[in-house]
Amino acid sequence: MTTIAKILAREILDSRGNPTLEAEVTLADGSFGRAAVPSGASTGTKEAVELRDGDKTRYLGKGVRKAVENVNGTIAETLKDFDAADQQGLDRRLIDLDGTENKGRLGANALLGVSLAAAHAVAASRKQPLWQYLSTITESDVALPVPMMNIINGGAHADNNVDFQEFMVLPVGCSSFSEALRAGTEIFHSLKSVLKGHGLSTAVGDEGGFAPDFRSNVEALDTILEAIGKAGYTAGEDILLGLDVASSEFYDNGKYNLVGENKRLTSEQFVDFLADWVAQYPIISIEDGLAEDDWAGWKLLTDRVGKKVQLVGDDLFVTNPKIFKEGIDSGTANAILIKVNQIGTLTETLEAIAMAHAANYASIVSHRSGETEDTTIADIAVATTATQIKTGSLCRSDRVAKYNQLLRIEQALGSGARYAGRDAFVSLKR
């Protein structure tokens, strides 16, 4: 039986040493599921509320005991004997129980932990891996996603002078996920050698990418191209580039303040700046190219390069189906980043991905800068045919755990395993 017998939460630590919530759901048949909730550094203002205690004498105010108490009290009592196999019904009960638009009463971290743990428990009850169980919910084919590997960190993810938050490599020319992972790993180690050769730091940021000081943002791109070549791959063929500009972080009074470039640019000027990069480098994806409130600028960027580059809304859409619909209706961006903790339940996450598929927008399942060993997002990416996954660099076990889970899934699928490769960019095939 898949009725809920017990729900339990606790406070654990994430990869940045901050508290986060872990939830467990036990079913009447003894089946068990566990999930840990991630946390972001650069966050959209419209994200669901991550409930923190605010007690400065404990974990500098970042404790999550209130959220834990909400799970162990109100949520556990309400969901006792509920059928966890009814994922939509369970998530609707959680949303109604919170009763706020942004999940601020009980906390999105409380709701999400239970929502994901319940799915794990039902998968265990059915003796299925999570990806297989989720694919029955989504009624979707399965595919191994292209990894967007963040090998240089800047912005809010690193203590350096690089304005842009992530510089990524995408191994699109590989025939399998395992080969793509190998390519990314070889480029990562090649990049370390190149940085050392240039006398630059090889310290890593929150997501495992290197975080050196460069003379300019464009030097990061040039250094990556050098590393790709040194590793024996061809940029523009085997490997494409991606950026997470995270421009809301340096958008101030209507201007984009690029400290590393010593420039303050209007929306029009910044669109020109990005378009010039697209013309010069094999860039296939730009995330948060404009600030989350600069919808006019987003439209300019979409009109300018949206037919040849994937334009990903993260802070812009915050995995929220209501906000995402506004973007679809206005033709803004052409892809959405999917972060489970931005919206707070599995059902709403799957709804956002389904909306993307229906509108011919690409969907990219993503980690957060504060992660754990939890690998749920790997299963979600496969089960929804999301075609791309962002889960950091090729070091730090909190990032590599997701890659290793994808290797396991690929092996389990055997001859039925399909790697998205160049077909990942669905929004560019219109």
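Using N, Cα and C of the backbone, Cβ positions are placed for all residues, glycine too.
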Identity of the Mg(2+)-site residue among ASP206, ASP213, ASP314, ASP315 (reference: ASP244, GLU287, source: Swiss-Prot): ASP314
Residue in GLN132, GLN165, GLN269 which Swiss-Prot records at the (2R)-2-phosphoglycerate site where LYS339, ARG368, SER369, LYS390 also bind: GLN165
Cα distance (Å, whole number) from ASP314 (Mg(2+) binding site) to LYS339 ((2R)-2-phosphoglycerate binding site): 8
In three-state DSSP terms, the structure that GLU287 (Mg(2+) binding site) belongs to: strand
Candidates GLU207, ASP244, GLU287, ASP314 (recorded positions) - the one closest to ARG368 ((2R)-2-phosphoglycerate binding site) by CA: GLU207
GLN165 ((2R)-2-phosphoglycerate binding site) and GLU287 (Mg(2+) binding site), distance between Cα atoms, whole Å: 10
Nearest of the binding-site residues (GLN165, SER369, LYS390) to ASP244 (Mg(2+) binding site) - Cα to Cα: GLN165
